[in-house]
Every structure is written in structure tokens, then in C-alpha cells.
Amino acid sequence: MTEATFQIIQKIYELTLIFIQLGIIVSLFFIFVPNEGITIRKRNLFIATISVERLVISFVTAETKGVFLVISAVTVLLFFYKRDREMLPLLVYLYFLWNSIFSICFIFTGFLSDSISDFLLERIDYASGNAMESMYNQLTIWIVIMAFIYVVCVTFELVIVKRIVRKKYLMTVKQACLLSVYSVVALLMMYMLSEISIIPLDKEVFIFSEQDISIRIKLPVMAVLLFLGQLSGVVLWQEFQKLKEQELENQKIIASTNYAKKYIEDLDSYHTKIRILRHDMAGKLTTLRGLIESHSNEEVIEYLSQMGIELNSTMHKFNTGNALIDVIVNEKSALAEEKGILFESDFLWSNVISIPPYDIGVIMTNLLDNAITECMEYNHERRIILRGIKKDSFFIVEVKNTFTGTITKFDDGLPVTTKSGEHGLGLKSVKQIAEKYLGGITIENKDGWYSAMVMLQNLDQL
């Protein structure tokens with residue numbers, strides 16, 4: 001192999017390393033950046049700009065260590081500082097992580113590079129006439145091996161990072177600064193090692209790794225420790241964000257539960273006022289009836305008698321035995337019938353064990369609201385069945401509705417249909433109440449029916 005051919009191969013190797021670097025930033029964007037955070041067009045434009053900058057700098061100047069680092073940092077600021085400022089901390093972290101992943105790979109492969117080159121160059125017969133050609137051949141083999149090692153090393157790092165980052169979150173400035181510490185250390189180490197690894201002297205060349213062979217083992221260990229430090233930071237950040245998300249969701253569930261309880265309390269108050277009004281009206285009509293009777297007006301007496309019977313008759317279609325539950329069941333029944341849904345109920349309060357009606361009311365309100373919504377969105381045959389089942393020390397509230405949709409997955413034991421939002425919060429609120437009474441919620445989708453069963457236990461019998 002001639003020197004000119006080897007120089008071409010060497011240039012291809014340099015370009016390969018550049019494309020590996022660009023592959024890292026593209027991968028990190030897909031791993032970390034939320035889909036709604038940056039438009040696809042802007043993301044692609046940014047990656048294209050970084051790619052062009054890196055390629056141009058590599059051809060214009062041989063020393064690209066500090067030049068590209070500065071230019072790429074400026075590019076990040078120019079692209080995202082003005083309109084995507086909330087994304088900036090995350091992107092700054094990715095900037096350092098991007099450079100450090102390659103730096104860690106550089107540090108880790110340093111000992112392999114020296115060991116492989118020593119092994120290959122020792123095989124050259126320098127006394128032969130084709131020693132230079134043999135050297136170029138051996139160096140070409142070294143280049144191919146190192147390119148392969150870089151690809152494997154970087155791929156391994158990215159796969160590990162991808163497995164750790166289970167969900168995409170934004171970062172605060174403080175989080176970005178703390179998480180970037182290991183990346184900055186790795187970057188500085190790479191530049192330091194590249195500066196001192198080979199130092200030309202007056203009559204010889206100082207090779208750092210040859211002065212202390214143990215450094216070939218220490219450097220990979222150091223690279224692994226740096227990478228583990230980065231991973232631990234990402235894991236802690238992910239767990240912290242997950243806890244914050246759960247706390248926010250719990251606050252929403254509490255707010256939803258409080259709203260349902262307030263709604264039930266308002267219904268109870270309204271029902272009490274109606275009963276008082278009916279009682280007062282009955283008393284007034286009785287007095288009026290007596291006055292009219294004294295004048296012997298038979299027609300008026302008959303009319304008022306009919307009104308009295310009507311007042312004494314029930315105003316509800318369903319009577320459960322509990323005034324609060326009556327209001328909820330009859331209101332949801334009326335709402336269902338308005339929407340063309342057949343509503344059936346055999347719920348009796350006498351079957352309910354010692355559980356406050358407010359908690360039963362929250363469960364029924366959420367389950368019936370979900371059932372009405374599902375019937376409206378999915379079914380031609382619209383039907384809802386409410387049941388209350390007592391079994392030993394347990395009480396089961398079951399709401400069934402016709403259902404032609406699909407449950408795509410389960411989140412924390414609860415179904416996720418094609419809808420989201422309040423539906424999910426309602427079920428989580430129901431689950432919390434069930435767990436309060438050492439029970440649980442079971443969801444089934446079978447034979448065109450969606451069934452939600454909530455089991456509650458009588459705590460007084462424990």
C-alpha cells in the first residue's frame with residue numbers, strides 16, 4: 001500500500017469518527033427530547049447545521065479540539081435561546097453528554113489502541129525492502145479495528161442510556177448543571193490525554209503510555225467509572241421526575257375526589273331541602289283541606305285529595321334505602337335516559353356494610369359517569385346495569401355497560417382506553433377509596449360488556 005492510499009484511508013477514518021459523533025447527537029435527541037418540545041423541522045435543521053459545521057471545520061483546520069466545541073455551543077444557544085428557552089437546560093445537558101459519550105469512548109479505547117498498534121507493528125520486518133508498505137498495511141488494519149471498536153463502544157453507551165431514560169422530561173437549570181459535572185470531567189480528561197499522550201522532543205518522541213504500562217488499565221477503569229457516574233445521575237433525575245409526576249397526579253386525584261364529595265354533599269343538601277319543602281307543603285295543604293271541608297266543597301276536596309296522594313308518592317324511580325344514594329342513582333338514571341341509554345339498578349342500601357355513604361357515592365358517581373361516556377362514544381345498543389352485592393364481610397359495587405371499544409393497556413392496574421384525562425383520574429380516585437377499605441377494583445371487557453367491580457371490606461369486623 002502506498003502512502004497516498006493510506007492517507008485516503010486515514011481521512012475516511014477521521015470522517016467515520018465525525019459521523020459517529022453526529023450519530024450520538026441524533027440518538028440523544030430521540031432519547032431525551034420530548035416530542036412536543038421541538039418541531040421536527042427545527043430538530044432536523046439543528047442536526048444538519050451541527051453536521052455541516054463539524055465537516056467544514058475538519059477540512060479547514062486540523063486542530064478542531066476547541067473550535068468545534070465553541071461553535072457547537074454557540075449553535076445551541078442561537079437555535080433555542082429565544083423561542084425554546086424552557087428546553088435550553090436540557091439541550092445544554094445533552095450538549096455536554098454528547099461530547100462526553102465520545103470522550104469516554106476515547107479514554108476507554110486508548111489502551112486498546114496502544115496494545116493493538118504495538119501488536120501489529122511488531123509483526124513488521126523492518127529489514128525487508130517493503131517495510132513501509134507493510135507498515136501502511138498494518139496501520140490500515142489498526143484503523144479498521146479501531147473504527148469497529150468505536151462503533152461498538154458508542155452503541156453500547158447509547159443502548160444503556162436508552163434503557164435508563166424511560167420517559168422524556170424537561171430539566172431545570174440546576175438539574176442540568178448537576179448532571180453535566182461528569183460530562184465536563186470526561187471532556188477535560190479527553191483533551192488532557194490527547195495533549196500528553198504523545199509529546200515530540202528534540203531527538204525523540206515521549207509516549208505517555210509507554211512510561212507507565214499500568215496506565216493502559218487505569219484509563220479504561222476511569223472511563224467506566226465516569227460513565228457509571230453519568231448513568232447514576234440520569235437514574236436519580238428520572239426517579240425524581242417520576243416522583244414529582246406522581247405527586248402532581250395525586251393532587252389531581254385528591255382534587256377530583258374532593259369535587260365529587262362536594263357534589264354529593266350539594267345533592268344531599270338539595271334533597272334535604274326538597275323533603276322539608278314537601279313536608280311543609282303537605283301541612284299547608286292539610287290545613288287548606290280542613291278549611292274547604294267546612295264549606296263542603298266536594299270538588300275542591302277531591303282535587304286536594306289527589307294532590308295529597310301525589311305529594312305522598314315517591315319522586316324517585318329507584319329507591320335504594322338511602323336518601324343520598326337515591327339522589328345519585330336517580331340523577332344518573334335520568335341523565336342516561338336523556339341520552340337514550342337503558343338504565344337498570346338493583347342496588348339496595350340495606351346490603352351495604354358499615355361504609356359511609358359519601359365514599360359509596362364517590363365510587364358510584366365516577367363509575368356511572370364513565371359508563372355513560374363509554375356508551376355514548378362506543379355503542380349502538382346502550383345499556384347500563386348497577387348492582388350492589390353483599391358477600392360475608394365484603395360489599396361489591398358493580399357497574400356494567402355495553403362496550404365495543406378496546407382496552408389498549410393497563411396502567412397501575414387500571415385500564416387505558418382510547419380516551420384519557422378525567423376518565424383515568426376518576427378510576428384512580430375509586431381505587432384509592434377501595435384500598436382505604438382493604439379492597440380493590442377489577443376491570444373486565446368481555447362479550448361486549450365493560451364491567452367495573454369495586455370490592456370493599458367491613459373494617460369493623462377485622
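Easy rule for this one: first residue shown is 1, then count along the chain.
Each residue, glycine too, has its Cβ placed from N, Cα and C.
What TrEMBL says about a protein is an automatic prediction, not a curated fact.
Note that this is a predicted model, so its numbers are computed, not measured.
Features reported for this protein in TrEMBL:
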TRANSMEM  12-35  transmembrane segment
TRANSMEM  55-80  transmembrane segment
TRANSMEM  92-112  transmembrane segment
TRANSMEM  139-161  transmembrane segment
TRANSMEM  173-193  transmembrane segment
TRANSMEM  213-237  transmembrane segment
DOMAIN    357-456  domain 'Sensor histidine kinase NatK-like C-terminal'
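If one looks beyond the transmembrane segment (173-193) by at least 6 residues along the same chain, the residues whose Cβ comes under 8 Å of a Cβ in the stretch are 65, 69, 89-90, 92-93, 96-97, 99-100, 102-104, 106-107, 110, 208, 219, 222-223, 226, 229-230, 233-234, 237. Same-chain residues lying 6 or more positions outside the transmembrane segment (12-35) and placing a CB less than 8 Å from one of its CB atoms are 43, 47, 50-51, 54-55, 58, 87, 90-91, 94, 97-98, 101-102, 143, 146-147, 150-151, 154, 158, 161-162, 165, 168-170.
A Cβ distance under 8 Å defines the sequence-distant neighbours of the transmembrane segment (139-161), meaning residues of its chain 6+ beyond its ends; these are 1, 6, 9-10, 13, 16-17, 20, 23-24, 27-28, 31, 101-102, 104-105, 108-109, 112-113, 116-117, 120, 227, 231, 234.
Mean pLDDT across the domain 'Sensor histidine kinase NatK-like C-terminal' (357-456) comes to 80 in this model.
With helix defined as DSSP H, G or I and strand as E or B, the domain 'Sensor histidine kinase NatK-like C-terminal' (357-456) counts 37 helix, 39 strand, 24 coil.
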